[in-house]
Amino acid sequence: MAETFKIRKLEISDKRKGFIELLGQLTVTGSVTDEEFDRRFEEIRSYGDDHVICVIEEETSGKIAATGSVMIEKKFLRNCGKAGHIEDVVVDSRFRGKQLGKKVVEFLMDHCKSMGCYKVILDCSVENKVFYEKCGMSNKSIQMSKYFD
C-alpha cells in the first residue's frame, strides 16, 4: 500500500500521533505530560499566524512524519517589516528521502511570504547546509548562541 502524506497545521491531537517523539529525533524534549502539551498548544495557538507549527501526517498510520515551525518577528527595520524564523524542522527517520523536509520548509516559507515577511532565516548544522540550499536558502552569517541551563 502506497504511503500518502498530508501537510497541515499542528492539532492538539497530534501528541498522540507521535509529535513529541518525532521532536526527540532532533533534540532533547524531556517528558511532556498531556497537560503541559495542552497548555503550550493553547499558548502557541493564541499567537495566531505569528507562530505556526506545521506537520506532515502519514495518513495510513496516522503518525506524524515531519514537522517544522516558524515565528514571525515584527521589526522597526525595513519600514516596520517582518522576518520569519524557521525552527525545529525534522523528518522521522522512517520517512526520510521522500522530500518531506523540503515540503515542510516550503510550507513555512510560503506562510512567511503570505505574512509579508521580507526574509526568512534559520539556523542549521553544517551537515544540513546542502539540504537548505536545495530549498532555496543561502549562507548569510554565523550563528552564535548561549544556552541557559
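Counting starts with 1 at the first residue shown.
Backbone N, Cα and C define each Cβ position, glycine as well.
Some features that Swiss-Prot has for this protein:
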DOMAIN    5-149  domain 'N-acetyltransferase'
BINDING   Thr27, Lys75, Phe76, Leu77, Arg78, Glu87, Asp88, Val89, Tyr118, Lys119  substrate binding site
BINDING   Gly97, Lys98, Gln99, Leu100, Gly101, Lys102, Tyr132, Glu133, Lys134  acetyl-CoA binding site
Using C-alpha atoms only, work out the spacing between Gly101 (acetyl-CoA binding site) and Asp88 (substrate binding site) and round it to an integer in Å.
-> 11
Integer Å distance between the CA atoms belonging to Tyr132 (acetyl-CoA binding site) and Thr27 (substrate binding site) | 19
Just how many other Cβ atoms lie inside 10 Å of the Cβ on Asp88 (substrate binding site)?
-> 15
Consider the binding-site residues Gly97, Gln99, Tyr132, Lys134 and say which one has the Cα lying nearest the Cα of Phe76 (substrate binding site).
-> Tyr132
Counting other Cβ atoms within 10 Å of each Cβ, which of the binding-site residues Gly97, Gly101 scores lowest?
-> Gly97
Can you see whether DSSP assigns Tyr132 (acetyl-CoA binding site) to helix, strand or coil?
-> helix
Out of Tyr118, Tyr132, the listed binding-site residues, fewest other Cβ atoms within 10 Å surround the Cβ of Tyr118
Please report the number of other Cβ atoms within 10 Å of the Cβ of Arg78 (substrate binding site).
-> 11
The correct three-state DSSP answer for Asp88 (substrate binding site) is strand
